[in-house]
Amino acid sequence: MTHKILYYAQEPWINKLQLVDALASLIKMPLINTLLNVDTFLLISGLLKAYHYLRDLENKRFNFISCYTRRYLRLTPAYMVVLGFYATLLVRLSSGPGWNKFVEQPTDACKTNWFYNLIYLNNYLDNGNQCMVQTWYLAMDFQLCLLAPLIVYPLWRWPNVGKFIFISVTLLSVSIPFITIYCARAVPSYVLGASDSSIQWYMQNIYFITHQRASPYIIGLALGYIFYRMNTTKVKLTKVTVAAGWALSMAVLYAVVFGSFDIFQYGHEYDPMESAIYGALHRPAWALAVAWIIFACNCGYGGWITTFLSARAFQPLSKLSYSIFLTHYIVLMVNTGRMRTAVYVDEYTLVHQYLGDIFLVFGVSMILYLFVEAPLFELAKLCFGKKKGGNKPSAIKIELDTVHVAKTDSQLTRLASAVEKP
């Protein structure tokens with residue numbers, strides 16, 4: 001939906017002023033200020049990496065080279081198939097007045113910059129001309145995955161030193177975007193009401209850049225460390241603490257999404273300090289609020305929210321999530337590039353088109369998953385499978401509150417299977 005809206009805003013409309021009216025509607029802020037979902041993925045990725053690293057270190061089975069080889073082979077085969085489609089067949093699917101801008105230019109980028117994607121540096125190298133622009137996330141996730149042991153290992157080996165390193169890195173991850181936005185007088189987010197040049201500068205110098213966006217991932221590492229240390233005890237919280245935690249979490253989520261309402265307006269007067277504060281703090285604030293949801297649900301304080309988030313109906317969707325991530329841009333690009341007349345836009349039109357896009361994306365993604373992603377994933381598992389008789393998960397050894405611990409470990413395992421891929 002995020003990417004649909006970004007493409008939608010570039011389409012020819014009969015009633016283009018509708019976009020101004022949409023920005024002035026507070027209730028539409030979740031659709032306008034919607035790029036925060038990426039920070040949720042970074043948070044969860046950091047959580048899982050820290051938890052798995054610490055468990056492997058405890059059981060003396062962590063192997064740096066094997067770990068990242070598995071990660072590379074997990075992501076790359078399906079990624080390269082879609083990239084090859086971008087560089088060859090995509091441009092032949094259709095035509096239209098916007099075909100050059102929305103399809104041919106991305107195709108040319110894949111012909112020239114595909115190697116940057118292959119080595120997961122496309123978010124830094126020539127990032128204004130990226131092949132498969134959404135895959136900046138894969139590059140960032142892979143880079144943070146490589147850096148995570150520098151934080152996690154000290155936490156495991158020398159806890160006091162590790163905490164000092166963690167605090168220092170966290171402060172640095174917040175300070176860098178603050179200084180960058182303030183000094184460059186940049187926009188704090190993808191502000192639809194800003195000029196194209198301002199948005200482009202923000203995307204290339206802040207949004208795509210790992211050291212500008214690392215704070216949610218670092219918070220995820222901390223949460224993974226907390227879950228690892230909790231493995232032998234059951235967390236007991238008072239009703240007041242639980243209520244305060246949920247209230248604060250919901251308040252922060254609301255403030256992050258709706259608090260930038262004035263910043264997103266066309267007539268807003270730019271304030272560098274306001275932009276720097278929001279640009280530096282809204283992502284870690286969002287991550288902390290979501291971290292509470294994960295923590296509370298895994299500790300038995302989520303109620304119906306835990307039931308909903310743990311619904312088995314999400315499991316089939318989780319299998320397709322990586323393929324959807326790789327292919328959905330194709331449908332959006334073709335839709336916009338082949339338009340030959342201006343259209344009248346309203347909420348019904350958006351929902352109607354979105355549901356059609358979902359149907360097409362799911363169909364294409366299922367083909368990619370069944371014929372490329374799943375078979376190659378199974379081959380990777382066979383190549384790097386665990387030896388029989390090896391160390392068992394640490395939860396098996398736990399004697400205190402075994403049922404609770406096993407449940408927590410099971411939840412994290414299911415979570416891992418669902419979101420280990422972007």
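All residue numbers here begin at 1 and follow the chain in the order shown.
From the backbone N, Cα and C atoms, a Cβ is placed for every residue, glycine too.
Where the annotation comes from TrEMBL, it is an automatic prediction and has not been curated.
For reference, TrEMBL has these:
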DOMAIN    32-369  domain 'Acyltransferase 3'
TRANSMEM  31-51  transmembrane segment
TRANSMEM  72-91  transmembrane segment
TRANSMEM  135-153  transmembrane segment
TRANSMEM  165-187  transmembrane segment
TRANSMEM  207-228  transmembrane segment
TRANSMEM  240-264  transmembrane segment
TRANSMEM  284-305  transmembrane segment
TRANSMEM  317-334  transmembrane segment
TRANSMEM  354-372  transmembrane segment
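Using the rule of three or more Cβ pairs under 8 Å, pairs at least 6 apart in sequence, the transmembrane segment (31-51) is not in contact with the transmembrane segment (165-187).
Here the transmembrane segment (317-334) touches the transmembrane segment (72-91). Their Cβ atoms form 3 or more pairs under 8 Å, with each pair 6 or more residues apart. Same-chain residues lying 6 or more positions outside the transmembrane segment (240-264) and placing a CB less than 8 Å from one of its CB atoms are 23, 26, 29-30, 32-33, 36, 187-189, 191-193, 274-275, 278, 282, 285-286, 288-290, 292-293, 296, 301.
Under the criterion of 3 or more C-beta pairs below 8 Å, with sequence separation of 6 or more, the transmembrane segment (354-372) and the transmembrane segment (207-228) do not qualify as touching, having fewer than 3 such pairs. With a cut-off of 8 Å between Cβ atoms, the residues of this chain six or more beyond the transmembrane segment (207-228) that come close are 35, 39-40, 42-55, 123-124, 127, 130, 136, 139-140, 143-144, 148, 151-152, 155, 166, 169-170, 173-174, 176-177, 180, 190, 283-284, 286-288, 291, 294-295, 298, 408, 412. Predicted-model confidence for the domain 'Acyltransferase 3' (32-369) is 93, expressed as mean pLDDT.
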